[in-house]
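These come from TrEMBL:
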- A:ASN9, A:GLU36, A:ASP150, A:ASN152, A:ASP252, A:HIS253: Mg(2+) binding site (BINDING)
- A:TYR107: active site (ACT_SITE)
- A:ASP150: active site, proton donor/acceptor (ACT_SITE)
- A:ASN152: site 'Transition state stabilizer' (SITE)
- A:ASP223: site 'Important for catalytic activity' (SITE)
- A:HIS253: site 'Interaction with DNA substrate' (SITE)
- A:HIS253: active site, proton acceptor (ACT_SITE)
Amino acid sequence: MPFTLATWNINSVRLREGLVADLLETEAPDILCLQECKSPVEKIPMERFRALGYTHMIARGQKGYNGVAILSKMPIEDVGDKDFASLGHARHIAGRLENGATIHNFYVPAGGDKPDREVNEKFGQKLDYLTEMRDWFHAERPERAILVGDLNIAPREDDVWSHKQLLKVVSHTPIEVEHLGAAQEAGGWVDVTRKDIPEGQLYSWWSYRSPDWDAADKGRRLDHVWATPDIAGAAHGSRILREVRGWTQPSDHAPVFATFDL
DNA sequence: ATGGTGGACTATCCA
């Protein structure tokens, strides 16, 4: 049975409860993975989503920061989380569907402003987080797995509005791209979005600080859908819903979709 | 080189 999955950094699920409901109503993905819920699990407005058919939810939360959740129309079993880099943050959760597929939902640390771990502890934590992801995928090579989330890195030149101007900007520095690539390679992960849309500029995030985000279009592709090679061939129909960035009181991220025939 | 905006939560941290 095919299912459609979406990933969206919502930047407060409580403030944007209505936008989540709008996306669920208009696009009706079978599964929606959220990041930056910024809410304890018990305060996620689950009733609204349940009424729309999303009767299953697994989540990790904390007050004010981070937080990941998976809303699903299909049963999903909570199969745990990992505290990479021992930050004590709610940045990962994994769930298993009845068809045997595992979904990893990640919110990788943003990494602060300066791309230098000597002066910016957050940048070091981001690199350490990615290194521990790599080591985990190396030790327990994932199968029949999908990895989504805000990975806070735009790896390709055509994943940013200006490769040259962003080489020293956190999210596109060579060392981050290298660390993300090592984690990807360790799991054998296929970049599903780029499998489906191999050519051209592709963004999922536009800063709040740019007043005319649409016209300026200084975006980055920070949000990703990956799959292990055994099921990557079943993926198709990837798209990024850019128009969602233009909704009233939006998140700074747009949702990314993919369909899997499993 | 700087500041620009937005969210959580009360003065500042984080993105």
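In case you wondered, yes, glycine gets a Cβ from its N, Cα and C as well.
Automated prediction, rather than curation, is the source of TrEMBL annotations.
In this structure the C-alpha atoms belonging to A:TYR107 (active site) and A:ASN9 (Mg(2+) binding site) are separated by 8 Å. Cα-Cα distance from A:ASN9 (Mg(2+) binding site) to A:ASP223 (site 'Important for catalytic activity'): 8 Å (rounded to the nearest whole number).
If you take the C-beta of A:ASP150 (Mg(2+) binding site) and look for same-chain residues 6 or more apart in sequence within under 8 angstroms, you find A:THR7, A:ASN9, A:GLN35, A:GLU36, A:PHE106, A:TYR107, A:VAL108, A:LEU222, A:ASP223, A:HIS253. Of all the recorded positions given, namely A:ASP223, A:ASP252, the one with the smallest number of surrounding CB atoms inside 10 A is A:ASP252. Other than A:ASN9, A:GLU36, A:ASP150, A:ASN152, A:ASP252, A:HIS253, the residues of this chain whose Cβ falls within 8 Å of the Cβ centroid of the Mg(2+) site are, in sequence order, A:ASN11, A:GLN35, A:TYR107, A:TRP205, A:LEU222, A:ASP223, A:SER251. Cβ neighbours of A:ASN152 (Mg(2+) binding site) (same chain, under 8 Å, six or more residues apart in sequence): A:TYR107, A:VAL108, A:PRO109, A:ALA110, A:GLY111, A:LYS126, A:SER171, A:LEU222. All protein chains shown were included, and the count of other CB atoms within 10 Å of the CB of A:GLU36 (Mg(2+) binding site) stands at 23. Cβ neighbour count for A:HIS253 (Mg(2+) binding site) (all protein chains, 10 Å cutoff from its Cβ): 24.
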